Amino acid sequence: MVVPRCTLRNLKFLSNIRNPFQVFWCWHSSAVAVDPENSDELETLSLADRHNAYNLFDEFPSKDITYYNHFLFRYSRSGLNRDAVYIYGVINRSGALVDGCTLSCILKVSASLENCAFGKQIHCQCVKNGYLEDVSVGTAVLDMYIKSGNLDDGKKVFDDIRDRNVVTWTSLLTGYAQKGMIYNVIEVFVAMKLEGIVPNPCTFATIFGALADEGVVECGAQMHALVIKHSFETNRVVENSLVNLYNKCGLIREAKHVFDGMEYRDAVSWNGMISGFLRMGLSWNTLEMLYRMRLARINFTKSTFATAIKLCANLKELGFLRQIHSQVVKSGFELHDYIRTGLTVSYMKVTEVDDAFKLFSSEDDVETVVSWTAIIGGYLQSGNAAQGIDLFHQMRRQGVRPNHFTYSTILAALSTTALYQVHAEIIKSNYEKSPSVGTALLGAYVKIQKNSEAAKVFEQIERKDVVAWSAMLAGYAQEEDIMGALTIFFQLSKDGIRPNEFTFSSIINACAGHRAAAQQGKQFHASSIKFCCNNAVIVSSALVTMYAKKGDIESANEVFQRQQQRDLVSWNSMISGFAQHGNGDKALKVFEEMRSRNLEMDEITFIGVISACTHTGLVHEGQKFFDMMVKKLHIPPTMEIYSCMVDLYGRAGMLDKAMALINGMLFPPSAIVWRSLLAACRVHRNLELGEFAAKKLISHQPQDSAAYVLLANLYAASGHWSDRAKVRKLMDDRKVKKETGFSWIEVKNKTYTFMASDVSHPLSDRIYMKLEELRIRLRDAGYQPDTNYVLHDIEEEQKEAILSRHSERLAIAFGLISVPEGIPIRIIKNLRVCVDCHTVIKIISKMEGREIVVRDSNRFHHFKEGLCSCKDYW
């Protein structure tokens, strides 16, 4: 007798039968057959009443593995993995003989549960029953180890499988891809091809995903060609992975080309393109794609809403955000953690703190670590660090334990003392070796200039990603430690880490320091082009800054003009660069272009533009820009701004106005302001005001030799020799030592250092011969040494000898005998160039027909044809 389908379907609706499975058991024990075509109904019945199904299985007399497999597969497909494990236990207790299908299925269940211990038991059973040679079972064992994160054991299983198919190879590729081991992925793919295995769409999708995560676009382009060769270019899975690859590598045009060529686009396709535009900062293109997705009648997914929410935050569009929020609620996604987190942060970014906090407070699970982390991050991103830190402490008081996301979020906002305390908590929580927490902790120490602590944290991070390497690089760049930065960069390259735009930004910033060779910056510029990072705004802005600081203002301007996008750093660097190089008119032209575009400005912008006015003598314009900053843009003047204004008035001889500005400052003037005033008094020989400024400066920095030297020079320029001698004695009494002057010159990619009267260079004999030759030619040209600024009480000839051996003159002499004609000689000096050396270098530039660029502690001097770009005021 065969039980019909309708009978099985209706068993669960019979109220007078307490356990429908009892009827099934009676049928089975009475040899009443169940039609195999009705197995789906039986499985549906088991899913509807799993408790009674368990009781039935425990009493089930059959040892036919087919019946068990039906239930095992159904539970597995329905995501009821723990129920599937229970069924497998029943199978073992029943004495039924498992087959390859049973083992493959339960291995997939183990992989889904990421239960490696249980998976290993099944692996042993596969070996015991001789099923490991079955390619489907072997692949399932491999897949189980891969998904459990045990790649080494998975590789051993892979090596033991004799007849490997494309699924087996793809499983191993997936394991390496998940670990970010891109070179192993490529190596396995090549071996697969050599064995004659034809890749399938899943193979290519896996490889493209790995290449996208590591940013290896060149290899991706080659793989794209293979996709076309194998006729998979119209496969949607492959097309989606290509869109993802090109987007993550910053090649938005190539991604758009693939996307436009797709015959059918699903939500994954649209989401990939939308997130790509957003990642590149193309907000309006992102908005257009969202509109087109809606027109195409593709339902928004969680990923779509997450991107749309980020877009609202970027655009600062509160109305749009609220519309998206309403759509999220209608779609039933509001309770998803990362959607709620995104909404909270976005409300913070559009300064709707109340709405963000209401969203945070309205949830039943408000005290989950995800919710707390979202609201803390929102306050930090909105600039309210104090409230964010307070919430962090409140979260811990309420017993919610921070996770790695919480620590990564809060670390950057902590003070030095609090940072050490939280670091101790991180060690206790065993998060120190976590890449995300370790990197955030490293960045926090770099921010407070604790590079030694940062280096210790860096060494503790188990898997250092490119973010960690870049953060460590940034620390060395901040301290202008070019050797440390180079060591880190070369080590990350050696370890197979692909540098990104943040890496290049950091190393290029390190090359901007005075200890770095100019050629090194150019080499990293070339490398950034090779890795397709040169167009990233953070890299191009760093290049503008680097070239300007290295004295190559033409290259800085060339990069600036080619920038596809410019941020505030780009504009400020170009304005300051032109100003420091004496090109005030060009600096003002850039500023006017900035104004015409209604771009955001800050105090750094006005430091640059007021300095430009100073160097071009535009006092009225400088005053106008100062008033614009304070009255129109409501930017409070900083100490540096006041110093620039004092310098502006001082250069023009308006010392009374400079003093009036100082008296009207909103806070007590610091040393930098008094130094600017004292320098102006020296030039205009205002002895009374100069003495006043010097006393103020010395009271701020009693051990700084600059104040004493400036005052002594003022006395010398005014002919007050006895007063100058008193200054010298005061320095001796207070044991104030004049800072040692150093000059650096780069020749053939090597930097040479000189100090006054230096004889350590291997070519010292030739250098001093060149100096003697120059001394004779200078004398014949009518040059008279200005010994007034030599503070030592010695004979005049000795004073002249001291002047002739200043460090910059030694560097220039070396440059004249080493640098080919037609190439500018570039010198860096740590102190301000003295008046006599400034005069001498002007004459040498004319006599030798060479351009000499000197960067001293104050500005750049471009000497050419007997003139200097500073117009003799520095």
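Backbone N, Cα and C atoms are what each Cβ position is placed from, and that goes for glycine too.
Unlike curated entries, TrEMBL annotations are predicted automatically.
Listed features, source TrEMBL:
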{"type": "REPEAT", "residues": "165-199", "note": "repeat 'PPR'"}
{"type": "REPEAT", "residues": "368-402", "note": "repeat 'PPR'"}
{"type": "REPEAT", "residues": "465-499", "note": "repeat 'PPR'"}
{"type": "REPEAT", "residues": "567-601", "note": "repeat 'PPR'"}
{"type": "REPEAT", "residues": "602-636", "note": "repeat 'PPR'"}
{"type": "DOMAIN", "residues": "782-874", "note": "domain 'DYW'"}
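Listed stretches 165-199, 368-402, 567-601, 602-636 were compared with the repeat 'PPR' (465-499); the greatest number of C-beta pairs under 8 angstroms is found for 165-199. In the predicted model, residues of the repeat 'PPR' (567-601) average a pLDDT of 92. Within the chain, the repeat 'PPR' (368-402) has long-range Cβ neighbours (under 8 A, six or more residues past its boundaries) at 337, 340-341, 344-345, 347-349, 351, 353, 356-357, 360, 409-410, 412-414, 418, 425, 429. Within the chain carrying the repeat 'PPR' (602-636), a Cβ under 8 angstroms from the stretch's Cβ atoms is held by residues 568, 571-572, 575-576, 578-580, 582-585, 587-588, 591, 594, 644-645, 647-649, 651-652, 654, 666, 870-871, all 6 or more beyond its ends. Non-local neighbours of the repeat 'PPR' (567-601) in the same chain are 537-538, 540-541, 544-545, 547-549, 551, 553, 556-557, 560, 607-609, 611-616, 618, 621, 629, 633, 635, 859-862, 868-871; each lies 6+ residues outside the stretch with a CB under 8 Å from one of its CB atoms. Counting residues of the repeat 'PPR' (465-499) by DSSP class, helix then strand then coil, yields 26 helix, 0 strand, 9 coil.
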